[in-house]
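Here is what TrEMBL records for this protein:
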{"type": "BINDING", "residues": "15, 16, 17, 18, 19, 20", "note": "FAD binding site"}
{"type": "DOMAIN", "residues": "11-380", "note": "domain 'MnmG N-terminal'"}
Ligand SMILES: Cc1cc2nc3c(=O)[nH]c(=O)nc-3n(C[C@H](O)[C@H](O)[C@H](O)COP(=O)(O)OP(=O)(O)OC[C@H]3O[C@@H](n4cnc5c(N)ncnc54)[C@H](O)[C@@H]3O)c2cc1C
């Protein structure tokens, strides 16, 4: 370890949240000197309450711990195999919560803070970074509440279009759960040069009765409020659908649900009263988003309301909709497969700012960014993160697989994985399919870790 100290191979990490803390741990274990630049408690955010590292700002759950049937549980498994500090802390301070990994939040972040502060090669510097550093090795992991000054510096580098300050997430549906006996493929007015373009959308038709019942359900559904201090700075282009419905019962029928330019091949003589459109969300074609359906409805209400749409009665949601304060990059255009900013490759990004969503996904991106930084600094190239692993599926999605134009933050889910052939489809085959995905992922991840064993032992 000592020879490294003469070679200024310091890794600087901006932000000591989920991603930054895990990245610091991975790099420190490989013997690098690490400086975590964390602005709290000097500069506060509206959501954090303490000056601790890895603070959970809202729920105290890392979600499902099932590593055979659940993609987030698989991410837990992969992180544990890689010696993750956050998973160690979560396991040590686990609370009873059925199949979920819920934790004692204060004990969890105290564990992470004390462990990192106790390492001789880790320094925690209490300061806000306000400009993009010109040189050195950096990981930027400042999260959804990146400070204003750094946000402005990033925007100057990336352009205003490529850095968002709010997410406006429309629900995302697994393609194989849509009933194509009711829905059909068609772009409005069959626009497009190729057949693929002319059939780019999935359309779900509604009769007048369907539409009226849908509007009633939407207006009655329970909604979440913006957090205090989180300005409702959304614009007409991304109004929640329930706000549109409140403006008038016909507003949606003249907006995202307009029925024009579309013919239902299942009932060609019957003009739909309204149409819900879904657009492909990833290159694999396994996920579709409901166009224009960003919402502040509570999750339970969303599932109930959206399953009223003809064709979506059995929809499985890869993620539900939302609108939040969230700083994130248009990673498919800005980051390379190593999570480096293409225009300044000495800056690597990790965590929610890369366009993943959730504590676990953010920590997982920190874990990989830390390992990739170690490999680069030590001049020991790594094979690409395998796309079949949960980590790799997420990285592949954010750095290239996702549609750049409609890019919104993403949770890990099996829709991001390359489909397996020869397995039974639909609900009945799900258990075997998920087991096959997780088995394949575990093997790929174990190989990737083995390739780094000498630099970072598991
Ligand atoms: C209000 C809110 C509620 C949420 N609820 C949940 C939930 O219930 N479950 C869930 O899974 N996810 C939730 N999330 C998402 C959650 O924040 C992220 O999933 C996770 O914390 C992101 O990890 P991160 O490391 O990317 O960012 P963070 O954990 O936020 O860490 C970023 C760190 O960077 C610091 N920082 C910011 N700017 C600077 C700067 N310029 N210089 C130095 N330091 C800086 C911040 O102080 C912070 O400590 C929520 C997010 C918000 C905003």
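Each residue, glycine too, has its Cβ placed from N, Cα and C.
Excluding 15, 16, 17, 18, 19, 20, which define the FAD site, the same chain contributes 13, 21, 22, 23, 38, 53, 54, 141, 142, 143, 350, 351, 362, 366 within 8 Å (Cβ to the Cβ centroid), listed in sequence order. Model confidence over the domain 'MnmG N-terminal' (11-380) is summarised by a mean pLDDT of 93.
Neighbour counts were taken as the number of other C-beta atoms within 10 angstroms of each residue's C-beta; across the binding-site residues 18, 19, the minimum falls on 18. Reduced to three states, the DSSP call for residue 18 (FAD binding site) is helix. Within the same chain, the residues at least 6 positions away from residue 15 (FAD binding site) whose Cβ sits under 8 Å from its Cβ are 36, 37, 38, 140, 141, 142, 143, 146, 351, listed in sequence order.
A C-beta separation below 8 Å, combined with a sequence spacing of at least six in one chain, links residue 20 (FAD binding site) to 13, 14, 36, 38, 53, 139, 141, 350, 351, 366. Counted within 10 Å of its Cβ, the other Cβ atoms near residue 16 (FAD binding site) come to 30, all protein chains included.
For residue 17 (FAD binding site), the number of other Cβ atoms no farther than 10 Å from its own Cβ, over all displayed protein chains, is 31.
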